[in-house]
């Protein structure tokens with residue numbers, strides 16, 4: 001492991017204000033992710049998990065505190081620089097795959113490369129490689145409507161990894177799948193972690209799946225618990 005964290009957040013706070021009323025969604029959240037680490041953050045709906053992920057990915061800005069990615073403070077980056085970082089260095093997986101319905105699996109996976117300026121032939125070749133890595137080489141010409149739920153999520157995983165990111169942020173990646181497909185997706189994440197050295201931060205309410213990660217933290221009422229009391233509970 002590196003001497004420096006891959007990503008670090010320091011005293012992150014997020015407050016939503018409406019008139020005289022305010023809601024503190026995150027309160028002084030601090031932790032670090034090491035290169036190649038598999039980390040899960042568990043918590044119930046409304047605990048602040050998704051908000052935290054948005055801040056870590058530069059999709060939203062904290063009220064106070066700081067996110068540092070490979071030595072760069074996201075607070076200091078322009079919107080354009082944040083977009084470039086997300087496209088080139090971070091991957092995202094969501095509960096609902098967010099695939100473009102009119103494009104094939106191959107075209108969906110190639111999209112981040114094309115946005116980043118890759119030549120179409122190079123983008124398609126890399127997209128083919130990633131679809132093969134997730135077991136969908138023979139489904140590359142199918143559109144999302146022609147794929148099962150598990151297959152669509154595999155396409156989304158391939159898309160998240162096509163730029164060889166150091167870190168993938170996954171928001172309830174198995175929340176829309178049955179148990180068999182959920183198990184398959186988590187097994188795949190573990191395989192890709194070993195094969196490519198990609199770090200994964202997964203937020204989930206599924207305790208059994210969270211146990212498969214190398215480290216688990218708990219989000220409770222906007223605060224991060226570094227001693228996980230929920231894992232192992234019935």
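Cβ atoms are placed via backbone N, Cα and C, with glycine included.
Database features, via Swiss-Prot:
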BINDING   43, 44, 45, 46, 47, 48, 49, 50  ATP binding site
DOMAIN    7-233  domain 'ABC transporter'
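Taking the domain 'ABC transporter' (7-233) as a whole, pLDDT averages 84 in the prediction. Non-local contacts of residue 48 (ATP binding site) by the CB criterion (under 8 A, 6+ apart in sequence, same chain) comprise 14, 25, 26, 29, 219, 221, 222.
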